[in-house]
Structures are given as structure tokens and as C-alpha cells.
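Feature annotations, courtesy of Swiss-Prot:
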REGION    1-236  region 'Disordered'
COMPBIAS  8-20  compositional bias 'Low complexity'
COMPBIAS  24-157  compositional bias 'Basic and acidic residues'
COMPBIAS  158-168  compositional bias 'Polar residues'
COMPBIAS  170-198  compositional bias 'Basic and acidic residues'
REGION    267-461  region 'Disordered'
COMPBIAS  272-298  compositional bias 'Polar residues'
COMPBIAS  349-359  compositional bias 'Basic and acidic residues'
COMPBIAS  360-380  compositional bias 'Acidic residues'
COMPBIAS  387-401  compositional bias 'Basic and acidic residues'
COMPBIAS  402-417  compositional bias 'Polar residues'
COMPBIAS  425-434  compositional bias 'Acidic residues'
COMPBIAS  446-461  compositional bias 'Low complexity'
BINDING   A598, K599, T600, G601, S602, G603, K604, T605  ATP binding site
MOTIF     711-714  motif 'DEAD box'
DOMAIN    794-940  domain 'Helicase C-terminal'
REGION    954-1001  region 'Disordered'
COMPBIAS  963-986  compositional bias 'Basic and acidic residues'
Amino acid sequence: MARHGDTRSPSPVGSTYSSSRRSRRDDDRYERSRRDDGRSYRRSRSPEKRYRDRERDRDSYRRRDRSLDRRADYRDEDTYRPSRRDRSRDRRRSRDRDDDRDYRRRSRDRDFRSRRDDSRDRARRRTDDSADLKHKSRRDDSRERARDSVPRSREASKPSTPAANTGPTDDEKRAERLAKLEAWKQKQAAEKERKQREAAAAGGTRSILDEIDRKSGLSPAVGSPQSSATPIDAAPASYTGKFDPKAIAKNAAPAPAVKSVLGDDIAVPPSAKTSATFPSTKTEVQANKPSATSSKASSLKVKGNVGSFGLGTKQAADTEKASATKTLGFGEEESTRRKLERLPTPPLDDAKDSNKEEDVTAEDEDDDVDMQDGDTEEENAAAARAAAERREERLQNEARDSQSNGDVQMSDASNQKAPDKMEVDAQEEEEVDPLDAFMSELAESAPPKKTAGAKFAKAKPQQPEALFGDENDMDMTAVGDGDADDFLAIANKAKKKKDIPTVDHKKVEYEPFRKKFYTEPSDLAAMSEEEAASLRLELDGIKVRGVEVPRPVSKWSQCGLGVQTLDVIDRLGYSAPTSIQAQAIPAIMSGRDVIGVAKTGSGKTIAFLIPMFRHIKDQRPLENMEGPVGLIMTPTRELATQIHKDCKPFLKALNLRAVCAYGGAPIKDQIADLKRGAEIIVCTPGRMIDLLAANAGRVTNLRRVTYVVLDEADRMFDMGFEPQVMKILANVRPDKQTVLFSATFPRNMEALARKTLNKPVEIVVGGRSVVAPEITQIVEVRSEDKKFIRLLELLGNLYSTDENEDARALIFVERQEGADTLLRELMRKGYPCMSIHGGKDQIDRDSTIEDFKAGIFPVLIATSVAARGLDVKQLKLVVNYDAPNHLEDYVHRAGRTGRAGNTGTAVTFLTEDQERYSVDIAKALKQSGQSVPEPVQKMVDSFLEKVKAGKEKASASGFGGKGLERLDQERDAARMRERKTYKTGDEGEEEEEKEEKNEKAEEQFNKVLSSVQSAAAPSLPGVPKGIDLDGKITVHKTEKDANGSKNPLDKVGSAVADIHARLSRAGVMRSGVPIDNRGPDAGAFHATLEINDFPQKARWAVTNRTNVAKILEATGTSITTKGSFYATGKEPGPGENPKLYILVEGETELSVTNAMRELMRLLKEGTIAAADSDARAPVGGRYNVL
């Protein structure tokens, strides 16, 4: 920080910045006007031009007048002090630089250095230091020449400048500086006391670090103004900045006697702010002074520059310089204190001229102080942070060393090794290359080290991760130290289907709940049994089984419902309960388990929803993370969506919440809805299991479930769904109330369902598996090619009248491929339609159903996925384009029309080879009271005769399902264990079963290979049935053309070779395929492999560029794909290209054999993969496990 007295104007010492700035400009103008013609050259501010002029024109122009007279004119205390030192650090940075000031500053080395630091960008200061040192040395030479060359008369013409180099002037200045120094010392002592009290009061990390420093013996000499009384070595150990050649020269100059105290003086101070920011000023300024003189001045210099920003700082610096002028002979600039950019750079040549340069040295020191104080506080803060980080690192190293195997403590090592370490550092610093030093300075962004050889500075630099080593080791062990078996176990565990644990209900304490809410009205209680039977007969012939079955109701008011529920029922337009509702609602609200079987469109959904709402409202509200109370499971996603939609009118009125969870939709949304809480969940079994197993069972649970509904129960208990449904029911409390509803309920399904019920009441309305009488059923026997024409006729008749303009038509097919094909054909004929099946995305299925219900398109093509539960208004025509394969499916398909008392038509197409399905259709017609057409009856009779003769097996009702492969394997494993345990004597049968399995596997593979042969191949004698991919590979030697040979024996031999090649089993072409490898570039050996009739995946495997490139690189052969592809059953005609095949050519028989073996392996793998993908493809029209 510059003191206020440094100004050229005659203003007082305390002049302000603005007055200093103004006086300097006036002086500059005066000085410029007094220059002679030789000095009228206009100087530019650019450093390039300035350096060039200095080298070329120093003697001729004599622009740099540094004579003692001129210098003495400005040495007066009132006029010599530069005004720029009055400025604060912030104002200096933003100050304008004008030409007048530049003109003056060029005449003095001090101003030249300061202007250089201010005018350039701060980021370039360090880069230009080495170049500046070079010019500084040249400038010193010019000082001697300037003394003799400048005439004395020039100085005499300045009235404001006193005489130069007078002794009294120097004494007066020295006395004033000493007085100011004493005042500054007192102020600094008080300031340090205050800071120490604040630090002691604050405590914390700073106190701990200070204590560690004291224990380490590294307390610096800046603890007090009087702390340093020993001379300092000229080579500071803390230097890590830019390399300076003059620093090396100065390092060699000092006497070796001062090295003993170097380690004590240059150390890490306890204060981050002081030690990190100002590490090396004391050493640099006092480089070559005697120890007696430098002792006091060094301590004052360091303390003043570090801790104070006022008048005392400058006075201390002046006093120090005045005492050093008689002995310090190096007129060089010092390095900046905060950034450590420069080292003391005394030229060896100028040592003898130290007495003549003492004034210049003093001025240079003033300049150095000025530049040191010009740094920003951000740099100070950054240096302080870096010092704190180094202390943290030292603490960590101490902690690590204390836990190591007998390492010496850090404090002892640093105290013992400091002097020797410093000597090593000094030697290394002298030998360092300038480029290496510069690059290392760029690489090190942290402030320079301040340790005098302390050992902790380099303690274990390669192990910074030791702090977190335990955590990293744990992670690495978990992943990297595992065996291959662990990975296999993890992979197998991930592949397993999500499962839910079985609940032990004996260990769970469930809340009691009430089931019975129904109180029989007096008018119904007074009714006799005969009157009740007559009422059931009037209600479509209701049949009931069970003990104490309630009598059916005839009005909604008799059901014991709440006002809100009755209002919603009235708003929906339900005037009176339907047959199933009249009997099922009283039975369910009485707390009984119920099996309800009723025709399609009879209102079964409302029959189980209304009692559920009453059941839920009787229980306490849900708390956080409690599961639902009512659980409704359906077999299809569309039915789940429809039931959820039917719930919505009641949910708002009763203040309840419901969630619809089904596969295909994003599970995250369903999890979020469940976590918010829902009293009702409508779901499919597969997605329900996923939700129960998600997040270790924390998403939802079944502890609160007391009311369970299985809609379309016969399908839910079929082989496909039964394991999942039973798994879910096993996790619900045993005293739950269970309700089953369906339009069809075979006896075998009923027996299975009764195992989950407790004394159920069975309600059957209109018979089991019966089509509603409101539906007109038409069954026609037609060939496959005439069905589409008949379909167009039916659609044309439907939409021919205006009254059916808004009618809908639903067409059922057996398979997904059939649905897409029929969709394409109908759209070509101009009918707007859509298709729905299990192969489509769920969002497409949902949107298609909604659009169909809204009438956006009138025709929908669907598989049996839309056969159950779908309720569409204005649906007047159902066409079974492909006949259903069992009775229940037919009833549900036909039941999509004629709902809620409306009429409809169901048309079914049968082909002549579908005799098996005709039996169930004829049975449905008879049960619904309709006549069976004669062609259909003939088909039924023919099939029954075949059954009697044992040629056909009678079809069973129900889906039957395909079963689950995993369950079949578990049953087989259990049976095998029993056989081995009990030795039942069936071991022979076991061997026979194994042989049968092997035969089946071989037969399956032969079927795959049989698809390779052409359609006409089996009828040709002598041709193999399939290509033997594991057989012997035949490699032929390439025959060269006999140029112009007319020998008939050669032609016969060639023909015989062709015949043998065509009849070989593997590796060559079959009949009609020539071997066109007799060209000039043909290899010595060749083989062919036909791939035309293999599946597409297999052909891709052997023609893929990547696979072929690998074979070429491994074998060195040539592989060429030739021929043309022909569809299955099509043979190439005369003159056409042969079937697609691969030609392999090579120089050796072994290379061709290896290439053929690899191609056959790829072909076999591709064939098996194609067969597996076909087996995994979903079967259209079937229900899949959700």
C-alpha cells in the first residue's frame, strides 16, 4: 500500500487521489515542454515498440535520461512521491491511463514497471516477467551513461526541484521515515493483539491449526514485529512461481553460514490469511544485507507489508530501504509479494557499483512495494483458501501417519530434517531447466509452497484416496471380488418371475369387520316359500342352491342402500333391479359367499358393486400405506377398464377412490395411485402380483381386503389363471367375503371354485352357458374362400336401412394374423374399421375400444380378447368369422349383442373340416330354443360317429388352457423324486419315457429340417428327405476346362462328376443346380451349400457380412452367394438361375472344410432360433397369462 506522501505535487502529505492525479498531469506537461528536439519522438504504449526503441536509440536519442541530477530533482519528499500510490487497490484497477502519464513514466524505471503492470491484462503479467528482467538489466547500464550525458543546466531550470544527492536531504528523509516507522510499529502491535483476541474467541479450526503448527515447530517468524532477529538466506524455499535466471545467480551469492537458520525462518505460518498470501517478501528484500542490519528491518518489513494498509506500511518500507542503501548494491526490482512472480535478481556485474546505485535501489524497492500492494483481495482470499486446504491435507497426513506401522511423527521429522531438506531444495532449484520451471508453474494452480523442507509436503502423494478407502474397497469388493457363480446366481434370480411370499394368517392379527348389512323387509319376510318360488320363476327362472337364501327383492328401496347410492342409481336410469341383481344383492349384503351365473348383459357388474360400496363404507377410513378394502379381478384388460368406468358414478358420491391396474399400462402411474390410497382396486392377476412384489411389498398389501370379486370366474379358474388367482387369494384373510360372477360356469370349474368359498349361495339365472333369447343365432357352413363374400353381404344388409345407420358390427377371428388380414381386406372394400388383439399395445387397445363405443368407426375386428365383458351400445351384429372352439366362448361372443333387453344377431361361419366345433354350437342352439340347421346337424352326426369309432376324441368344455411349462416341470420333478424314493418298480417305464422324450426331440428337429426340402422332394426317389447339417462335408477338386478338347471320354467323366455331385447328401447342390466354379479365378478346392429353403433367420446368419468376414479371416477362403431365391414349393425352370446357394472356394481342402463347417453351424443355429421364435410367438385368439 503506497503512503500518501508519495506525490509529485507540492500538496500536503494527505492529499486525495483526485488532487494527486491532477498535479501529476501538470508536471507531465511541464516536463514534456522542456524536452529538447532529440527527445520529441512520440512514444507508443505498445510494449513491442518500446522495447525496440530501447535497444536501438538509447544513445542517439537519449530518451531515458537517468542522470543523478535529474533523479535528484525528483527526490524531494513533497514532489518525488508518485501520486498513483495514493490510490486504493480497487481504484487502481479501474483507473484510466492517458498519454500524458505514459509520456512521463517512460523516463523513470519505477514508472515503467508500474505502467507495465497496470496497462496489460493481469493474466499476462506472469508471462512477461522473464522478458522484463532482461530489460531491467539493460536499464541499469543506461543509468551510468545517463549521469554523464545529461547537461546540468536542464536540472537547474526546474524551480520546483531541490538540489540532488545532498546529505541533509537523505538524513531528513531517514529521520522522518524512522518516526513514521515507530508509529506504524505501535499500530501493528495493537492490531495483532486485537486479531489474536478475536482468533482466540472464535476458536474452531483456526485454533486447532495454530496449535498443530506450534507442535510441529513450524511457527513462522512473523508472530510479532520483533520475532525475527536472524539473517535470511537469499534463496527462499517457498518459490514455486515463474523461473528467473537471476534468481539462480542470487542463490549462489550468499554465504553458506546463513543456511542453518533458513528452515526456522521460512515456514508455514499459523494464520491462513498471512502465511498463504505473503510468504517470501522478507527474504527477497533482505537478500544481501549483513545479519545485524537485516534482523530488525526484515521483521518490520514482513510485518508491515503483511498486516497493515496505511501510512505505517510505506514508512516502514522507506526506513528499511534507507538503512539498506549503503550496503545493498543491486538496483533490481523485487518480486511481488502475493503472487510470488519474481525472485531477487541481482546481476553479478553490478555488485561492484552498489554504492553508485544505492538511490536507484531505493527507488526500485519503492516500486516493488507499490506493485506488491496493488494486488486484489480476491487473490488474497484464494491464497488463504489454498493455505487452509494444505493445512487440512497436513492434518490428514498426520492422522494417516499416526495409524501407519511405526512411522515417525510429522513434527519430529520436520524439525530434524528442515536444514538438510532446504539445502537439497536449493540445489534442485539451481539445476532446474527454465522451460520445466515455467511449465510446472502453469500446471500448479495452487499458491506456492511455504515449507522449508518440511516432510509433510511430500508425504505419500500417491495415496490421496486413503480417506475414503474403506468405502471404495467395500464397493469394489461387492462388484469385483465375486465369483462367476455369484454372477450366475444374480442373473438367475433376476430372471425368476416376481413372487409374493405366502402369509401365515395365524401370526397376523386382523381387524374384525361386519359382513351382514341386509335386513329383510316386512313384506318379503311375510312371503311364503311358494310365493318366493313363484317370484323367482317370474324373474327369468332364478335357480338357487344353498342354506337360508334370502328372498329376491323387487325394488331398490328394499336392498337397504344409502341415500347417496340410491340417488346415483336413479340418475343412471336403473328403474328396477334385473333378475340377477334382485337375488344377488340381498344374498351378498347378508354376508354370504355367492356364485352368480347369468346371461350376458344382465347387469352382473352392478350386482357386485353396490354391496361392495356398502361394505367399504362400514369400515374405518384408510390410513397411510394401507391397501384396498375391495379387490376385483378380471381376466382381460378391457373388462377391467369397463368395470372401473362403471364404478366412477358411485365413487364421487360416496367419497371413495378406485385404481385400475392392468398389464401393458405404465406401472409407475398405478403405484403412485396406490400410494395415495384407494379403497377399491380393479386389476388383472398378473399385474396385481407385480404390484404386491414391487419395492419389497411396500407399494400395497392385502391386509385390509375383506371383499373379493372374481368376474368371469370360470375363466379365472381355468388352467391359465388358476395358479396366479390362488396365490393372490392365499394372501387375503381367510374370513373374507368372496363373490364369483360369470355368464358361463362349467361344472368342473365350479368344483374348483367352491374350494375357495365358504358355504356359498349359487344363483343361476336362465341356465348355464345359454345364449340370451333376445339374440338371433345363424350358423352357416361355408368354404374358406366364400366367407368374405358372405361377410360383405351381411354388412351391406345391416347398413342398407336408415335405422341402422348408427349400428355397430363386431367380427371375431381366431388368430391375430387373421384379424390384420381381414382388416386390410375390409378397408379395401371401403368399410372404416379397426382391429384389436393381444399383440397390440395396450394404449392402442384402449383407444380402439373407446372409438368403437363412440361410433368413430362402425366395424371392429377382434379376437376372443374382446369376447368377455365388452358392453357396446347399438351393437346389432356379431359375426364369428372363425368358429369358436368351445361352448363358453361361443356364448360370450354371441352375448356381445342383444344386451339389456335389446335384440341382436349372431352369425357363425363353419367350414367342413370344423366338425369338432359344430357339436358345441349345436348344443348352444338347442339350449336357447332355436333350431339347428341341417348342414350343421350332419356335421355333428359325422363327428359323433368318429368318436364312437375311436377316430376322434370328444371335445371338453372350457378353455382347458395350455398350462404353464414351469408347473409341468415341477410336477415331473416331484414324480421322479417319488419314483426314486419309493422304488415303485416303474424304473423301466422311466427309461421308456426318456427314450420317448429323445424321440420327440429328434422328431421336432427333423420337422424343422423338413421345411428345408422342396415340396416335390419327398416324391423323388433317391433324394434325401433333408439336408444333414451334421453329416460329412464333401469338398471337390476344381476341374479346369479342357480348352477345345473334343475327347468324348472327357465329356463322359464330367457328366459322371456332375451326377455324383448332385446326389451327394451335404455340401453340394441338389438336382438341377450346376457348379459354376470353373472360371480362371477358381480355387483349387470348392464346396457348395444350398440355403434357399432354410428359414430367413438361417439365411441371414450365413450371408451376414460380419459372420462371413470372420470366416474369411479365419480360413482364407472365398465365399460367394449365388443363385436366386425361390419360394417354398417353387422350382427353377429350364434356363433359370439355380436356387440360392453358397459357393466356398479355397486353395486347400482343409480350409474349405473348415469354412463349410462354420457355415453349417451358423445355418443350424439360425434354423433353431427361427423355430424357437415361432414357438414363442403368441397364438392369436388365445388368452395369455397377464
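Glycine is treated like the rest: Cβ placed from N, Cα and C.
In sequence order, T578, I580, A743, R899 are the same-chain residues whose CB sits within 8 A of the CB centroid of A598, K599, T600, G601, S602, G603, K604, T605, the residues recorded for ATP being left out. Helix, strand and coil counts from DSSP across the compositional bias 'Basic and acidic residues' (387-401) read 15 helix, 0 strand, 0 coil.
Secondary structure counts, DSSP: the motif 'DEAD box' (711-714) has 2 helix, 1 strand, 1 coil. For the motif 'DEAD box' (711-714), the model gives a mean pLDDT of 85. Figure note: comparing Cβ neighbours within 10 Å for the binding-site residues G601, G603, the maximum is reached by G601. Look at the binding-site residues T600, S602, T605 and count other Cβ atoms within 10 Å of each Cβ; T605 has the fewest. Summarised by DSSP class, the composition of the domain 'Helicase C-terminal' (794-940) is 65 helix, 26 strand, 56 coil. With a 10 A radius on its CB, A598 (ATP binding site) counts 27 other CB atoms from all the protein chains.
A 10 Å cutoff on Cβ-Cβ distances gives K599 (ATP binding site) a total of 27 other Cβ atoms nearby, all chains included.
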